[in-house]
Each structure stands twice: as structure tokens, then as C-alpha cells.
Amino acid sequence: MTVITCIEDLRRLAQRRVPRMFYDYADSGSWTESTYRANEADFQALRLRQRVAVDMEDRSTAVRMVGQEVAMPVALAPTGLTGMQHADGEILAARAAEAFGVPFTLSTMSICSIEDVAAHTTRPFWFQLYVMRDRGFIGDLIDRAKAAHCSALMLTLDLQILGQRHKDLKNGLSAPPRLTLRNLLDMASKPRWSLGMLGTRRRGFGNIIGHVKGVDDLGSLGEWTARQFDPRLSWDDVAWIQQRWGGPLILKGILDVEDARLAAQTGAQALVVSNHGGRQLDGAPSAIAALPGIAEAVEGRIEVWMDGGIRSGQDVLKAWALGARGTLIGRPFLYGLGALGQAGVTRALEILHKELDLTMAFCGHRRLQTVGREVLWQA
Ligand SMILES: Cc1cc2nc3c(=O)[nH]c(=O)nc-3n(C[C@H](O)[C@H](O)[C@H](O)COP(=O)(O)O)c2cc1C
């Protein structure tokens, strides 16, 4: 196998190893995918200022996110069905993250349950919450995250209703996959994945099955989401969730300055500028384009983070320069997981870290704390 040197190498390998239904689920955006593409393209359009003859010894990318020390301002984003990219995917990704010293966020829509991930890790992880119609279930989920010693709650605000991804409908996305002839042939051509799946009992939505009244078969994900996710979610819900949780709260999915101001008023510790990786409102701006205005509007009142389109450590530095004190990565770690399991997630983190460290140095800095907007080149 060729040497893996960048996130794109991991993506290509994942495409070969993960059944099409799940690879496509990760590598897609809603409708025309214009926002999905813009997330990456707008990063690439930013240029960096090279500085020379600056002392580059003793560098560090360590910072804090919601008061917690991290090896670099990168956390693993919550992603649904991670345990379908690779058997036991959430546990493997959480282990890679804790060994590297960055946070892992477990999605409500994970395959491995909160308790299962807690039992297989040694450090606290974060839990991402989707609000569903059944508020009793949501309260229980918050309590379960507390009992598992999760160290932050990430409340996702941009998925009351589900954007349409054409490929998921065409592929008939479900977990576990239905055993149609097409799926069986595809799985037969992905032997590593299939053997892994045969060897685990974790193949359904671990946080939900057995915990929601009357739900034991989720059928298609889209259909279930449409029925269960609460379209009435409001800022009032943020208040009761915050009270019930009582720990660090992160609000995810902010893309507008007005919403950012409202988020800052809630007393939450951080907000994530995000368009859900281009998976919700197609035609919305890229996250990196939305970031500077939001950072300026709420500066000093709430930590501003961003996600969407980060494919290199250079992107992390660019986001930092434009005001993001933390970033989340979705696809980069999913590709690593699909390609090589836990080692692939570790590889993705190593790649991003090295790129971030070298880029910071080339721009004349030894610490992120001194990096500002001036590292971006203006024509
Ligand atoms: C396959 C996939 C599943 C996702 N599932 C969730 C989820 O369950 N909860 C959530 O808040 N965000 C979810 N997201 C959005 C990510 O948390 C994150 O915002 C996005 O992936 C960032 O963009 P990137 O993939 O370009 O890094 C998902 C993203 C992907 C790609």
C-alpha cells in the first residue's frame, strides 16, 4: 500500500473499503452540494503570509477548548452511524482521540451507546444532543451523559428537520443495511468491513433502541428522523437543557450573526459556526465565510469555534486566524476510520497536527496564542 500522507489518501482508501451506502452517507451534502463544496473551496482560496528568520524552536499547538486542555484546537465532530464506517467505530475513534489528547464527541445517532463508549475509554468524552419530540427521552439522555461523566454537552440546533441528500435516498440508507442483493454484493466486495461487522454485536442505534417507548426497529433513518426530531425546538429549550445538564454547553449549527448574538445570551460556553458539513441548507455560505462576522459580533462573550471543510492543518490555522478558538472535524476522521480503523483516525490526527505545526512555524509563530488575522495574506 502507498504511504498515507494526507487526508485525501485516507478518503480514497475509505472509498475502497467501506460499503457504498455508508461511504456515500459521509461524502455527501444536501441537494446540489454547493455548500458542501464551498466549505472546502473557501478555505483553499485563503492565502498565508510566509515569514522568515524567526526563531521556530519549541513550538506548541496546545490550547484550551471550554477550559479543557487539548493538544491542538481540533475535536472529533459528532457523526451519526460512525459504527457503520467500521465495526465499533465510535469506540475506536474515541480511543484514538483520547490517546492523541483531543476531544471526541459522541452523536445521539451513534451505533455504540454512551455507556458502551464510556466503558471502553479512560477519559471523559463529549456528548451531542439532538432534541426529539419525546422530552422524557431527552431528559434521560442528558442524565445518561452525566452518569457517563461526559465533560461537555453539544446541543445541535440546525437539524430540527432533515436536509435531503440524494445519494442516501437512492442507496436506501439504513442501519443495519437491508440484505438486498445489491447490498450483499457490495458488502461481499468489502471483506474487511464485513468481517468486522460479523464480529460485533453493535449494529443498531445504541442510544435509542431499547430506550425509546415503542421503538425497536428504526426502519430507514430519514423516515425515523422525520418522525422523531422536534421541529418546534426553540431558545426556550436551550434554557431547560442547560439547567438539566448543569455543565459546559456548546451550541452547534450557528451560521448567522443574529443567531450568534442569541446564542451568546444563553450563557453557553461555546458556539460552533457550522452548516452541518453542507448537509442541511444547500446554498448557505461556507462556514469559514460566516466565521469572521460571527467572531466579531460575539467576541469575548462566548467561545467561537467552527466546523466544515477542514481537510488540513492549514485550514485549522486559517480558522484560528479568523477567530475560531476551536474546530471540529467530521469527514477527515471518518475517512481515517473507514480506511484503517483506530490507526486511521490516529493517522488523520497526526496529519492535521503536523500540517498545523509546520504552517504555524512558516508563518512565523511558535504558539497559536500569538497568531491572528495578520497571518492571512492580503493582495
Ligand atoms: C456522516 C456525517 C454524520 C453526521 N452526523 C451528525 C450528528 O449526528 N450530529 C451532529 O450534530 N452533526 C452531525 N454531522 C455534522 C458534523 O458534526 C460536522 O458539523 C461536519 O461533519 C463538519 O464538516 P466536515 O465533515 O467537512 O468536517 C454529521 C456529518 C457527517 C459527515
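Note: Cβ is positioned from N, Cα and C throughout, glycine not excepted.
When TrEMBL records ARG165, HIS276, ARG279 as binding glyoxylate, the matching candidate from TYR25, TYR335 it lists for that site is TYR25. Here ARG165 (glyoxylate binding site) comes close to TYR25, SER28, GLY29, SER30, ARG279: these same-chain residues lie at least six apart in sequence, with C-beta atoms under 8 angstroms from its C-beta.
GLY330 (FMN binding site) sits 9 Å from HIS276 (active site, proton acceptor), taking the Cα positions as reference. Neighbour counts of Cβ atoms within 10 Å were compared for the binding-site residues PRO78, GLY80, GLY308, GLY330, and the top value is held by GLY308. Neighbour density at the Cβ, taken as the number of other Cβ atoms within 10 Å, is lowest among the binding-site residues GLN128, THR156, SER274 for THR156.
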